[in-house]
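Working notes, beginning with the structure itself.
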Amino acid sequence: MNDHEDRDRKGGVSRRGFLGATALAGAAGAGLTSGLLGFGTAEARTRGRNAGLDHHVPPGELDTYYGFWSGGHSGEIRILGIPSQRELMRIPVFNHESATGWGMTNESKRVLNHSPHTNGDTHHVHLSYENGTYDGKYAFTNDKLNTRVARIRLDIMKPDKVTEIPNVAAIHGINPQRWPKTEYLFCSGEMIIPLPNDGRHLDEPEHYWTLMTALDAETMEVKWQVWVDGNMDNLVTDYTGKYLGATCYNSDRGVTLAEMMGPERDWAVFFNVPAIEQAVAEGNYTTIGDSPVPVVDGRGAAEGGSPYTLYVPVPRSPHGLNSSPDKQYVIAAGKLSPTVTIMEWAKIDDWFAGKLGDPRDTVLAEPEIGLGPLHTTFDGRGNAYTSVFLDSQVVKWNIADALRAARGEQVNYIRQKLDIHYQIGHIMASMAETVEADGKWLVALNKFSKDRFIPVGPLRPENEQLIDISGEEMRLVHDGPAFPEPHDVVMVRADLVRPARVWSRDDPFFADAAEQARDDGVDLERDNKVIYNGNKVRVYMTSLAPNFGLTEFRVKQGSEVTVTVTNLDRIEDVAHGFALVNHGVNMEISPQQTASITFVANKPGVHWYYCSWFCHALHMEMSGRMLVEAA
Ligand code: CUK
Ligand code: CUA
């Protein structure tokens with residue numbers, strides 16, 4: 001029996017049965033009434049019948065979705081169960097973290113490339129794809145603060161690669177290729193800088209630029225970059241694997257707010273991946289400064305684009321850019337304009353094939369939504385949901401009706417405006433970034449909570465609100481306070497994610513420690529040994545509740561000590577920790593994991609180490625002494 005059969009048996013069945021019945025009843029009722037009586041009445045009449053989805057997950061039952069949250073300037077990723085909104089796990093990525101030792105263990109330092117930075121700003125999180133839906137392998141996130149991207153392995157739920165992006169400043173948008181599978185991870189540089197940024201052009205903004213970057217999603221190496229006009233904000237890929245696009249809010253490349261607000265129109269820029277690959281293959285590129293990365297010149301906004309890029313003018317300061325799950329549309333949110341711009345991927349293909357005369361020919365409609373539209377998500381039933389910051393609302397609208405209205409038909413494409421609390425940024429519906437968008441749950445990620453929770457001081461939590469979108473009418477069902485910051489989220493059907501239950505002994509995550517042990521003639525699963533090598537000391541020990549394999553080790557003052565602990569427990573959920581008093585040393589060692597940490601023993605005397613992860617009735621007794629001889 002696999003995890004998910006197990007899960008269905010334990011908790012899913014009764015709820016799933018209940019969901020199916022009510023969702024059907026709601027849809028049928030709505031279909032009947034809305035045709036006959038118009039929108040407002042339909043809403044009123046379905047409210048009684050459509051009890052909606054049950055978001056309450058009783059004790060002992062399991063959630064049906066994984067929510068992967070980007071934690072903004074906390075620098076981490078979080079996993080929430082949906083619909084309960086219980087926070088299940090935090091995944092430190094760019095931040096350093098006390099409980100697990102992320103940023104302090106040798107394994108995490110390797111992943112972080114020994115970066116001096118201890119913080120980050122994860123704006124977006126997306127998962128790897130196969131054929132337009134999640135393959136369960138990786139999550140990706142950006143670090144706007146220190147211009148990096150990271151990949152998280154979804155089996156162990158830890159980052160395994162971090163890449164610093166050259167030639168740009170502040171990676172903002174990221175999106176993986178969706179079709180046929182994620183070969184590239186794309187990321188957009190937001191801030192414009194001199195190229196190269198080596199001090200030669202300081203106060204000459206005409207020399208400031210930014211680039212789109214493509215990484216190989218398997219190696220996480222940078223493959224190529226594309227030089228663009230303007231700056232770049234959010235980015236999205238299509239469902240053919242051929243195109244991606246990004247919004248630009250500073251098309252004049254200004255450096256002050258007033259300059260950024262100058263142009264009446266900015267644009268969305270689209271990239272032709274096969275054409276860029278061909279240019280790279282033919283050597284039709286340049287490089288910048290010391291970076292060997294091929295940079296293809298995709299500037300040319302004044303002419304509508306280049307062989308690699310298309311610049312579609314849209315109202316000033318567009319923000320979100322989202323791909324509809326029917327694979328057809330790409331929708332830019334207006335931010336400063338009350339509209340969204342609906343473009344068609346097929347027309348972008350037509351433009352690159354030379355079939356269109358004007359970049360605006362790719363635009364189908366520009367419906368008015370509300371004040372401050374930021375991001376759009378989808379239910380897979382033809383409706384779009386746009387977050388509207390200034391109005392603090394989620395606006396549900398129908399794409400087909402918006403297109404009919406644009407053709408002059410008298411039709412109200414707005415389905416409902418739901419107040420949220422308060423000032424919504426991102427918005428996301430379950431599975432909405434895939435062809436399997438299922439229209440069940442939606443989260444509104446709100447920048448302010450104001451009066452929604454008891455006060456906790458001048459810094460208040462932000463507010464994640466869960467909304468049931470399974471019926472005709474959106475229903476707000478839960479408020480969830482969030483520490484900075486609930487930036488973005490994807491909600492993924494639980495059966496698509498298959499986390500490991502214990503570590504595998506040959507995991508590459510701790511391959512360096514295993515290799516060092518081999519060099520030292522140490523069997524990690526058996527030996528408890530101290531290797532002295534000049535001023536370097538390597539301490540190997542096992543852990544098996546409630547014992548460390550070594551209850552003492554002796555070093556000279558000033559030694560650089562590496563403690564490598566291998567957790568022999570095979571029982572799920574029995575993690576140990578290695579914490580050394582007064583040395584800032586603490587790390588997690590989960591079942592069957594090897595973890596290592598290096599520090600300098602610079603204080604003579606007796607220093608206790610103890611297990612920091614509760615593991616046994618004798619957990620407190622699971623300890624030992626480091627004896628440091630004065631130099
Ligand atoms: S995006 Cu990052 S600041 Cu995710 Cu709405 Cu604007
Ligand atoms: Cu081992 Cu607590």
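Glycine is no exception: its Cβ is also placed from the backbone N, Cα and C atoms.
All TrEMBL annotations are machine predictions without curation.
Annotated Cu cation Z2 binding site per TrEMBL: H123, H172, in sequence order. Over all protein chains present, the Cβ of H123 (Cu cation Z2 binding site) has 26 other Cβ atoms lying within 10 Å.
Per TrEMBL, the feature Cu cation Z1 binding site maps to H319, H375. Under DSSP, H375 (Cu cation Z1 binding site) is assigned to a strand (E or B) in the three-state scheme. The local packing around H375 (Cu cation Z1 binding site), expressed as other Cβ atoms within 10 Å of its Cβ over all shown chains, amounts to 25.
If you draw a 10 Å sphere around the CB of H487 (Cu cation Z4 binding site), it holds 24 other CB atoms from the protein chains shown. In the three-state DSSP reading, H487 (Cu cation Z4 binding site) counts as coil. Positions annotated as Cu cation Z4 binding site by TrEMBL: H487.
Taken from TrEMBL, the feature Cu cation A1 binding site applies to H576, C611, C615, M622. C611 (Cu cation A1 binding site) falls within neither a helix nor a strand when secondary structure is assigned with DSSP, and so counts as coil. Annotation for C611 (Cu cation A1 binding site): same-chain Cβ neighbours under 8 Å, separated by at least 6 residues, are S543, P546, F548, H576, G577, F578, A579, H619, M622, S623.
Taking a C-beta cut-off of under 8 Å and a sequence gap of six or more, W613 (Cu cation A2 binding site) has these contacts in its own chain: A575, H576, G577, E588, I589. Look at TrEMBL and you will find C611, W613, C615, H619 tagged as Cu cation A2 binding site.
As annotated by TrEMBL, domain 'Cytochrome oxidase subunit II copper A binding' applies to 532-631.
Note on proximity: among H375, H487, C615, the binding-site residues of the record, the Cα nearest H172 (Cu cation Z2 binding site) is that of H487.
Among the binding-site residues H375, H487, C615, the ones whose Cα is located within 10 Å of the Cα of H123 (Cu cation Z2 binding site) are H487.
Across the domain 'Cytochrome oxidase subunit II copper A binding' (532-631), the model assigns an average pLDDT of 97.
Listed in chain order, the extra residues whose Cβ falls within 8 Å of the Cβ center of the Cu cation A1 site residues H576, C611, C615, M622 are S543, A545, P546, F548, G577, Y610, S612, W613, F614, H616, H619. Closest to H487 (Cu cation Z4 binding site) in space, going by CA atoms and restricting to the binding-site residues H319, H375, C615, is H375. Across the fold, the C-alpha of C615 (Cu cation A1 binding site) and the C-alpha of H319 (Cu cation Z1 binding site) stand 48 Å from each other. Taken in sequence order, the binding-site residues H123, C611, W613 that lie near ligand 1, meaning a CB under 6 Å from one of its atoms, are H123. Among the binding-site residues H319, H375, H487, no residue has its Cβ under 6 Å from any atom of ligand 2.
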